[in-house]
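Taken verbatim from TrEMBL:
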type: DOMAIN; residues: 10-93; note: domain 'CHAT'
type: REPEAT; residues: 584-617; note: repeat 'TPR'
type: REPEAT; residues: 664-697; note: repeat 'TPR'
type: REPEAT; residues: 704-737; note: repeat 'TPR'
type: DOMAIN; residues: 710-901; note: domain 'MalT-like TPR region'
type: REPEAT; residues: 784-817; note: repeat 'TPR'
Amino acid sequence: MSQLLREYRIPIAVLNACQSAMINEQAEDAFASVATALLRAGVRSVVAMGYSLYVSGAKQFLPAFYRQLFLTGSVAEATRGGRQAMLAHPQRRGEIELQDWLVPVLYQQDPLQLEFAKQVRTGQPAPEPEPESKIPKAAQVEASGAPHGVIGRDSAVLELERASRRAPAGLLLHGLGGVGKTTLARGYIEWLAHTQGLPGKVIWQSFADVRSFGYVRNRLVEEIFGTDAMALPDEKKWPMLLQALRSQALLIVWDNFESASGAADAGVDSALPGEERQTLKQFLEQLRESKTKVLITSRSDEAWLGTTACYRIALGGLQGEERQALAQAILADQGLHLDAKDEDSAKLIDSLEGHPLMMRAILPRLAGTNARQLRQDFEQYVPQADSDDPVEQRLYATLRYIEEGLPAELKPLLYPIGLHEGYIHAHFLVQMAEKAQQAFSAEQTQQTLERLEAAGLVRALGNEAYEMHPALARYARRQGARLLASAADVSAWERGFVSIMAHIADYCTPKDLHEQRPAFDFFGGGFERALGMAQGAGDLRAYSALMEALATYAFNRHDLPLAGKRFEAYARSCEQLALEDKVASSYHKLGMVAQERRDFEAAEAWYGKALEIEKRQGNEHGAANTFRQLGNLALARWHLEAAEAWYSKALPIFERQRDEDSAASCYHQLGMVAQERRDFEAAEAWYGKALEIKKRQGNGHGTENSFGQLGNLALERRDFEAAEAWYRKSLEIKERQGNGHGAANSCGQLGNLALARGDLKAAEACYSKALPIFERQRDEDSAASCYHQLGVVAQERRDLEAAEAWYRKSLEITERQRDEDSAANCYHQLGIVAQERRDLEVAEAWHRKALEIYERKGNEHNAASGYHELGLVARERRDFEAAEAWCRKALEIFERQGDEHRAAISRDALRQATDGAKL
């Protein structure tokens, strides 16, 4: 090493390692320490540590040292600055004042003045830390909601930094729930920003609600290349994305990744399918040795990813001074002080393995128990743990200690608490007790949850709702049964849990998505668990209620494969129960699923089966609902007369039975029929009639849809101010309701308005805001509509390549779903793109393909647009006679339908064709 140091003329060495300047008492050589050996080898200045140095001391010394080094260029001045910083902050370990400023020492044989210091003195600004504005809000430490922020984790940050230089693109940070994985990921990003190491872009993606890896990749494409790039075909888009990620330095974070593989405590329904997981794995493997890194947080070690795709970092508890720092913060919240000189306190803290959950659960007990007794009480349960992992053993002991701290009469409540998934509500826990015929009052359940909250095992959300730590749920399920008097009590609690979950689910079933979502976010895991328990117990009624709710929620979220599967299971359970009215309802719902899939024949068959039962039972109201749905089916097929007939058949029944909600729905649908016929006055009257009922009911429910349609009507009339007013009223209601999907629809409508006004930037912003919601919810119809409109934006910008890509992306969906109307719109726009390129043969082919559908469906207005474009094609060919004929045909329809805007455009085209014929 001496030879190497001399050869490369290393002038300075800074040794942060403890005791790097210490010489053994028995050493005969004065140069026996690492520091002095380096000095003898030719290094001119060596900074080292004469004794062991606490991390807290290094935190004071190093920033001040390097700051002074870069300001002055003097190693001696830098060492002095670091020692002064340590002297100024002696109280770094509880109440002990450390005088460890003597530990850093400098060995110097020849002072060295560093040249870069001159640049600072001549006024060149020092580099500033990366601004936090470069860090997405979701990636900032504050988003974690951690009560004490990031404490310690220096070694983990160092390991992450070193791992980022390895070949695998994935950095998998895994550990027990509650150990601080997400908080560390955010802290690591903040540290990179403070040390000028932040990549050019940070992208934070949560897998909590992701069901498609295509959605994840599309968001990356949008972030890196912009909105238009999402329209590119997959065979071009994915290689382009990989190339960009390989060549650019980006940091992508995939949080809550356990949802991707359906790991323990993750929702099974939100897990990625097997083929999607394989695609994700290949994606990471293809990024190997790239400049982009993907930081992944998961409770699982995700063994399925292998070793090529990712490098694993197991996150355990805090170490050394980090434990002391967290302990001080926890005790300070309780008004307590940590006595760092107390050996028993130190042993207690160490016995908790630095796990934040265990520390938050145990340390506050120091308010009433001394540290030695507390550790003895806690550690007596360690041998009872059913695990060889020492951390798991102590986690079990922590939870057992908390259990033993509960009053004897409250301990049995741990079992029903453990039946829940993720969240628990005190009110419903009381109702469970009543159903199970267990004598627990509201005060007792509240007291139990408050004690668990004090231990950090649940977190109060307000209104008697609590979020459970996963460790509590696992413990309560494994250990809770022994706290009950008998197996009969276990069965009684399980029946009570199933009964209450079925009751809540049944209440949620008829609600709209924005009303269902909060309940399913809270109780969804419980519904799934109760469903399995009901099936196992043979409780068909509870099973049926739970399955119907889960199927309806899947349908409302546009997860049609899951909805179809669950409605089929619901139908079978109803058939077993011989509940004909429920059977008819299940057939009706299966028809709706088929209709959304554009399988109109299957939908009609399901509605027919439902109607047969309803008529046989004399269920007039049920039949009316099916009539209305058959009207919706006819409207989707563009059979306007049939749709009107079905609505007119359902409406008198609803009116006679005074079902105002259903009647208002019929009025609204009749308005849509009138609007499709371009009879705007009749449409407005129908919408007004529906709106009157909704307003009279006083709850505003349903008015948002009428406002949206009135906005569409105003837009057709080119009354842009009125359209905007209606759309914003609709959007305001949907946002207040938390109706994300509805709000996305309103954003799309505002995009249409901006497009009509020629504000392309605003239009693109609206569509780009709506599209991720549709894609995340797998609403292909709405996504296809967004793709189409983004194509129109690109076309207006004369970016014909992007426009064609968007139209083809939309067309791929509409053709697959056999949505002829939407497909025809794509054909029409592709014809215009071909016109812009002067490819008249292709243009005519596209227009004729669209026109065939418009004419067959009786869509005169769109057909007129096709006639107009064929007129323009003929004019470009200088076939003025044909051009004149096409334009006259278009003009006649536009004038008859009162569309003066398009009529004016056709008149101008007709004039040009006529003038051309005269030449």
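For all residues, glycine too, the Cβ spot is worked out from N, Cα and C.
TrEMBL: automatically predicted annotations, no manual curation.
Under DSSP, residues within the repeat 'TPR' (664-697) fall into helix, strand and coil as 31 helix, 0 strand, 3 coil. Residues of the repeat 'TPR' (584-617) grouped by DSSP class, helix first, strand second and coil last, total 31 helix, 0 strand, 3 coil. Sorting each residue of the domain 'CHAT' (10-93) by its DSSP state yields 39 helix, 12 strand, 33 coil. With DSSP states grouped into helix (H, G, I), strand (E, B) and coil, the repeat 'TPR' (784-817) comes out at 30 helix, 0 strand, 4 coil.
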